[in-house]
Structure formats: C-alpha cells, structure tokens
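*Asks:* Before I ask anything, let me first share the structure, which is written out below as structure tokens.
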Amino acid sequence: MPDFSIENEILKLKNNKECIIVGVDEVGYGSLAGPVVSAAVFFPNYNNETTQDINDSKKLTPKTRQKIYNKIITRVKWSIGFAHIFEIDEYNILNATHIAMKRALTGLNAHIDIDYVIIDGNKIPNIPWNAQAIIGGDTISTSIAAASIIAKVTRDRLMETLHIQYPQYNWNKNKGYGTKDHITSLYKYGKTIHHRNTFTPISKISYMFKNS
C-alpha cells in the first residue's frame with residue numbers, strides 16, 4: 001500500500017521545515033477518446049484517518065474508489081487539469097499530459113504555495129517547482145495515489161456523461177479505451193469529435209470512411 005515514506009524523506013532533506021509537497025498523476029493517457037485528466041493533491045496532515053485504504057486507482061473497484069474519493073476531497077487540497085482533444089492531436093499525448101499536469105498544479109498553487117512536486121512516471125513537465133518523477137509512484141506515495149483517484153473519478157464521470165450523447169460507443173463502461181466493443185463501434189459508426197485523430201486506430205478508421 002502507498003504511504004508517506006517519500007514525502008517524509010523529502011521533509012528530512014528539508015530539515016523537517018514546513019514544506020508543501022504535492023502529488024500528481026494523470027488518467028486517460030492511452031484512451032482513444034476523451035481528454036487527459038490530471039490531479040494535484042496536497043495532504044495537510046500525513047497521520048490521520050484520511051489516508052486509510054488509499055491505493056493506486058487502477059487497483060480499486062469503482063465502488064471503493066468512489067467511497068475514497070468522497071472522503072479525501074474534503075480533507076485535502078486538490079486541483080484538476082485537463083488537456084483536450086485538439087491539444088492531444090496537436091502536441092502529442094506526452095506533451096498534452098504535461099499540459100494537464102501544469103494546469104492542475106497552477107490551479108492548486110493559486111490556493112497554496114507549492115514547494116515540491118512528486119509525479120507518477122519517468123518524466124517531469126516544465127514547471128517552476130522542484131520536482132521528482134517516480135515510476136509506479138501511485139503504488140508508493142499516498143499523495144500520488146490520491147491524485148490518481150481524484151483524476152480517475154473525474155474523468156470517468158465525464159466519459160459517462162459523454163456516453164449519454166454517444167451511447168453506441170459504450171463509454172460508460174470502457175471510458176474511451178480501445179476495448180473490443182469500442183473498436184467494433186468505431187468501424188460501424190465512425191469517429192466522433194471526442195476521438196483522438198492522431199491515435200492509430202482512429203486515423204485508420206478515418207481513412208477508411210474517407211475512401212469508402
């Protein structure tokens with residue numbers, strides 16, 4: 001289970017001086033449709049019941065994830081950042097993800113003065129704060145794991161809303177990822193404005209419809 005070992009180690013390096021350490025994670029990197037969503041999270045207290053059961057969002061059932069989300073959003077400082085379809089297509093998915101992360105951090109920094117950022121992954125976006133990238137960070141750091149939960153619940157809700165407009169793609173279940181039913185629907189109905197044109201399945205299907 002994630003804990004605050006990394007956060008506490010950073011505090012030691014700072015001689016235990018007050019240091020606002022923010023965890024960041026994203027959701028939607030590999031999806032064929034919908035935005036990339038990033039969350040930035042700061043825990044004011046590392047030793048309370050708020051942290052119980054927090055884990056990498058991918059390891060939680062939707063019901064458990066929602067329950068933890070409801071608990072933590074009132075007890076931590078957090079912010080969300082989006083990177084939209086046109087940004088994914090124009091700048092590529094990695095750069096768009098970094099845009100979403102920067103937006104989440106900028107939103108949070110408007111309310112607290114960020115000192116240090118820990119990010120899930122192996123790359124650090126161009127941000128004005130000292131930062132550390134941690135591969136598998138959402139399984140190690142509670143701050144990052146909480147960010148993964150908030151980002152996941154936020155994005156899932158968005159895809160469920162879009163499903164109402166485009167029910168044939170089953171986004172309420174696949175959340176825009178390239179599942180068999182999603183691919184089948186793409187070949188049958190074509191793409192929507194919410195699909196990522198630069199992703200191979202979409203570009204292939206677009207070409208097929210254009211030349212049919």
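Quick reminder: no glycine exception, Cβ is built from N, Cα and C everywhere.
The shown structure was predicted, so the numbers you read here are calculated from the model rather than taken from an experiment.
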*Asks:* With D25, E26 listed by Swiss-Prot as divalent metal cation-binding, which of these, D120, D156, D181, is given for the same site?
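*Replies:* For divalent metal cation, Swiss-Prot names D25, E26; of D120, D156, D181, the listed one is D120.
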*Asks:* Other than D25, E26, D120, which residues of the same chain sit close to divalent metal cation? List them in sequence order, counting a residue when its Cβ is within 8 Å of the Cβ centroid of the site.
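*Replies:* The answer, listed by sequence position, is V24, V27, S38, A39, M101, I119, G121, G137, D138, I144, A147, S148, A151.
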*Asks:* If you count the other Cβ atoms within 10 Å of each Cβ, which of the binding-site residues D25, E26, D120 comes out on top?
*Replies:* D25
*Asks:* Would you mind giving the whole-number mean pLDDT across the domain 'RNase H type-2' (19-212)?
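*Replies:* Summing pLDDT over the domain 'RNase H type-2' (19-212) and dividing by its length gives 93.
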